[in-house]
Amino acid sequence: IKCHNTLLPFIYKTCPEGQNLCFKGTLKFPKKTTYNRGCAATCPKSSLLVKYVCCNTNKCN
């Protein structure tokens with residue numbers, strides 16, 4: 001799977017074996033700003049400050 005791994009939408013990388021999810025972390029406030037992106041084996045848990053969304057198709061994050 002290929003996932004974006006920077007805040008720039010045109011940069012991505014091929015994920016290592018076993019990491020079959022892409023994630024995007026978004027700050028919940030003040031403006032729902034994208035915080036980080038990358039590959040993961042399991043979806044990171046959201047917190048009070050950051051909401052994580054995961055997907056399993058190329059460049060979906």
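Don't overthink the numbers, they just go from 1 along the chain as shown.
Note: Cβ is positioned from N, Cα and C throughout, glycine not excepted.
What Swiss-Prot records for this protein:
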- CYS3-CYS22: disulfide bond (DISULFID)
- CYS15-CYS39: disulfide bond (DISULFID)
- CYS43-CYS54: disulfide bond (DISULFID)
- CYS55-CYS60: disulfide bond (DISULFID)
Inset, instruction - Give me the non-local Cβ neighbours of CYS60 (disulfide bond): same chain, 6+ apart in sequence, Cβ-Cβ under 8 Å, ordered along the sequence. - result: CYS3, CYS22
Legend entry - disulfide-bonded residues: CYS15, CYS22, CYS39, CYS43 - member with fewest neighbouring CB atoms within 10 Å: CYS43
Inset, instruction - Let me know the most crowded of the disulfide-bonded residues, choosing from CYS3, CYS54, CYS55 and counting other Cβ atoms within 10 Å. - result: CYS3
Legend entry - Inter-residue C-alpha distance, CYS55 (disulfide bond) and CYS15 (disulfide bond) (nearest angstrom): 13
Inset, instruction - Fill in the CA-CA distance, CYS39 (disulfide bond) to CYS54 (disulfide bond), as an integer in Å. - result: 9
Inset, instruction - Tell me whether CYS43 (disulfide bond) sits in a helix, a strand or coil according to DSSP. - result: coil
Legend entry - Helix, strand or coil at CYS55 (disulfide bond) [DSSP, three-state]: strand
Inset, instruction - Do me a favour and check the Cα-Cα span between CYS15 (disulfide bond) and CYS43 (disulfide bond); whole Å is fine. - result: 14
